[in-house]
Amino acid sequence: MDDGHQESALYDGHYEGDFWLFNNSSDNSQENKRFLKFKEVFLPCVYLVVFVFGLLGNSLVLIIYIFYQKLRTLTDVFLLNLPLADLVFVCTLPFWAYAGTYEWVFGTVMCKTLRGMYTMNFYVSMLTLTCITVDRFIVVVQATKAFNRQAKWKIWGQVICLLIWVVSLLVSLPQIIYGHVQDIDKLICQYHSEEISTMVLVIQMTLGFFLPLLTMILCYSGIIKTLLHARNFQKHKSLKIIFLVVAVFLLTQTPFNLAMLIQSTSWEYYTITSFKYAIVVTEAIAYFRACLNPVLYAFVGLKFRKNVWKLMKDIGCLSHLGVSSQWKSSEDSSKTCSASHNVETTSMFQL
């Protein structure tokens, strides 16, 4: 087996290469067999967990924004685009879970389509997170200008979201073009192209990690500086949520991207079993971003939580729980508190 084919057989991470990690049929050692067994059980389980919670959370966000919450601001536009991308992303996972347990039985067209959908929506999600960060910076740090231009910026938000989808589709084309089904002990849907593998890795690391990370550092630094000068009882809550957003991004995305970066420096890392485990586990951690986004970017908003209660009331959940009056009291209290918020803090939480 030549080096190019061996790499195709060994490495298949969703973010860069082929779907099946280190699936080398020529390596029959007990250590490698244990790793393959672990991967074939662990990854499908993770995919299904992320699928279930991601489907529920992102579907709820979409329902609220479509039926209960009008798109009045630029933030609303981005917060609609984010769950849409994450929802399509998680809907590809059951196919990979089945293929991980058995083999790829869905054909070449579905292989290309699902690889393209998976990659495109990953980029859409990460670029939308970047736009949300910039939007929050503008709204909090330049509150007066932001308030006066919300209607105009809403239109720009729709244009930006369209551009995000177009750019994400373009950078996903290698997955569609070079995705194919190959028989290596069993049928697998994989992607490999030595000619552009380095370019794909650079684009992936830039758009999927470094750009969002750098944007978060710069924008949230400005937001924190502004909030520290604000005299408002919600200031500390604002800072906690900012730190939570950054911490979740770092904890879920840094390990896998760091492992990918290290692995790209030497072929030896492709053959080290402990590093194979590291890639699989950190990749699984990165997937949980799709479950956490609804919590971080929607559920923290007072307006969103109120609309969730309205949805529950409409479908008859609250009448059996006897909490309508309790929610009414809480809602009135929230309105009183909201009236005392300054522009910065209101902009931060009225998502």
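Quick reminder: no glycine exception, Cβ is built from N, Cα and C everywhere.
Predicted, not measured: the structure shown is a model, and the values here were computed from it.
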Cross-link partner of Cys111 (disulfide, per Swiss-Prot) out of Cys45, Cys131, Cys161, Cys189: Cys189
Shared topological domain relative to the membrane, Leu74 and Leu228, Swiss-Prot: yes
Paired segments the transmembrane segment (197-224) and the transmembrane segment (113-134) in contact, 3+ CB pairs under 8 A: yes
Most Cβ pairs under 8 Å with the transmembrane segment (113-134), selected from 42-68, 78-98, 241-268, 285-302: 78-98
Other CB atoms, at most 10 A from the CB of Cys111 (disulfide bond): 25
Chain residues outside the topological domain 'Cytoplasmic' (69-77) and at least six past its termini with a C-beta under 8 angstroms from it: 132, 135-136, 139, 150, 153-154, 156-158, 161, 303-304, 307, 351
